[in-house]
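> Here it is: the structure, laid out below.
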Amino acid sequence: MKRIFLSAKLHKVTTTAVELNYEGSCEIDGVLLDAAGIGAFEQIQIYNINNGNRFTTYTILGKDNSGIISVNGAAARKVNVGDVLIIAAYALYSEEELEGYAPRLCYVNNKNILTKISTGSKKSSLY
């Protein structure tokens with residue numbers, strides 16, 4: 001049996017742009033995507049800390065070290081520039097893969113510059 005677990009999280013990134021008339025997605029600084037192990041065009045969940053909105057979209061590779069977090073298309077109606085977001089990616093894991101499981105947790109400063117990478121603690125008896 002496979003289960004869905006968090007694979008990576010970008011914690012408290014700040015929205016730098018919203019582009020309503022774009023085909024969709026979320027453009028994210030390439031350094032942040034690499035640090036989290038999230039690929040271009042990978043499905044992500046976005047949780048808006050400011051207003052509680054939660055939605056699904058996919059990533060677009062942004063320029064390295066730009067700090068860009070641009071929410072585009074219809075999702076732009078759920079976010080304002082300056083809103084603080086949690087961006088999460090999930091993956092399917094087999095029981096065997098869960099033995100070595102640890103999500104990548106990436107933290108940034110208020111300019112979306114990476115400050116820390118850690119892994120989740122294993123507090124559950126499930127893995």
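Glycine is no exception: its Cβ is also placed from the backbone N, Cα and C atoms.
According to Swiss-Prot, the protein carries these features:
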- Ser25: active site, schiff-base intermediate with substrate (ACT_SITE)
- Ser25: pyruvic acid (Ser) (MOD_RES)
- Thr57, Gly73, Ala74, Ala75: substrate binding site (BINDING)
- Tyr58: active site, proton donor (ACT_SITE)
> Sort out the sequence-distant neighbours of Gly73 (substrate binding site) for me: same chain, 6+ apart, CB within less than 8 Å of its CB, listed by position.
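Correct list: Glu19, Leu20, Tyr22, Glu23, Gly24, Ser25, Thr57.
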> Got a sec? Which of these binding-site residues, Ala74, Ala75, has the most Cβ atoms within 10 Å?
Ala75
> Cβ-Cβ under 8 Å from Tyr58 (active site, proton donor), same chain, 6 or more residues apart: which ones?
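Those within reach of Tyr58 (active site, proton donor), by Cβ under 8 Å and sequence separation of 6 or more, are Gly24, Ser25, Cys26, Phe41, Glu42, Gln43, Ile44.
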> Name the secondary structure element type, per DSSP in three states, that contains Gly73 (substrate binding site).
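For Gly73 (substrate binding site) - judged by DSSP and reduced to three states - the answer is helix.
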> How far apart, in Å, are the two Cα atoms that lie farthest from each other among Thr57, Gly73, Ala74, Ala75, the residues recorded as binding substrate?
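Answer in Å: the longest Cα-Cα distance is 10.
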> Neighbour count, 10 Å Cβ-Cβ cut-off, for Ser25 (active site, schiff-base intermediate with substrate): what number do you get?
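The Cβ of Ser25 (active site, schiff-base intermediate with substrate) has 19 Cβ neighbours within 10 Å.
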